[in-house]
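A short write-up of the structure that comes next.
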Amino acid sequence: MAAGALEDTMHVNSDVMSKDGDSGGTLAVPRHVGIIMDGNGRWARARGLPRGEGHRRGVQTVREIVQHAGRLGISYLTLFSFSSENWNRPVEEVGELLSLLRFFIRRDLMELHKSGVRVRVIGSRDRLPDDIKRLLEDAEALTAQNPGMTLVVAFNYGSRAELVEAARSLAQDAVDGRIRPEDIDEATFESRLLTRDIPDPDLIIRTSGEQRLSNFLLWQAAYAEFVFVDTLWPDFNAAHFDDALRQFRNRERRFGGLGTGAKR
């Protein structure tokens, strides 16, 4: 587990609301939360709107959840915003998603920077337009030293491709004599992943009622807790996020052991 010991996955923020809604309470929050943002298209279809309207409304939800997670003291928030398989969608929809990424960075980057958020982007950039590549590079460079929450944007990301690339890198090093096969362990493998300097997720939330990972953080999610929410992403809000955290705190994380019998 890249995050280290169990106690490192939880911390307490005394500045947030308690479970009963009274200020001054304490609330244990996971260190790293990942979200599979699903349901934009269904949200639009249910309202007789183009799919693009669902994606636009989903961006508003992103803003709300990023702000809320930062207030709660979440250290890492990873959003699965564009899968490497999403290129198979209609050209018009892919273009809309790329345009929304441009819009989000240009509109929200400075506010994120002022809030101390550090932006990281994981995923292949090979097929991305040059202007988007520059926007992503600029966002990471501008916020690299920020001390607040790390917002990890998984864009054009696919976990299987990430694992294959890590294996290929190690295989090439073995062929070149830079590493012995018997010296390759989990830590060595993790050092070749896109998330090598990011702790494993403690909690993964998926909206829309679907219950699958969809090629998201397959290696990193080995010991994550999962919360599946029926709500479509454009309707997801801070209250839904808090409910997912409550479910997380009521679970016992054993990491392959027998556990202590205590709920976290």
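The backbone N, Cα and C atoms fix where each Cβ goes, glycine too.
Database features (TrEMBL):
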{"type": "BINDING", "residues": "Asp38, Glu225", "note": "Mg(2+) binding site"}
{"type": "ACT_SITE", "residues": "Asp38", "note": "active site"}
{"type": "BINDING", "residues": "39-43, Arg51, His55, 83-85, Trp87, Arg89, Arg206, 212-214", "note": "substrate binding site"}
{"type": "ACT_SITE", "residues": "Asn86", "note": "active site, proton acceptor"}
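Overlay of TrEMBL annotations on the structure.
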residue	record	CB count, 10 Å
Asp38	Mg(2+) binding site	21
Gly41	substrate binding site	21
Trp43	substrate binding site	24
His55	substrate binding site	22
Ser84	substrate binding site	19
Asn86	active site, proton acceptor	15
Trp87	substrate binding site	12
Arg206	substrate binding site	24
Leu213	substrate binding site	17
Glu225	Mg(2+) binding site	21
Listed recorded positions Ser84, Asn86, Trp87, Arg206, Leu213, filtered to Cα within 10 Å of Asp38 (Mg(2+) binding site):
Arg206
Euclidean distance between Cα atoms of Glu225 (Mg(2+) binding site) and Gly41 (substrate binding site), Å:
26
Using all protein chains in view, find how many other C-beta atoms are within 10 Å of the C-beta of Gly39 (substrate binding site).
24
From the Cα of Glu225 (Mg(2+) binding site) across to the Cα of Trp43 (substrate binding site), what is the distance in angstrom?
26
Integer Å distance between the CA atoms belonging to Leu213 (substrate binding site) and Glu225 (Mg(2+) binding site):
12
How many Å lie between the Cα of the residue listed as 'active site, proton acceptor' and the Cα of Arg206 (substrate binding site)?
17
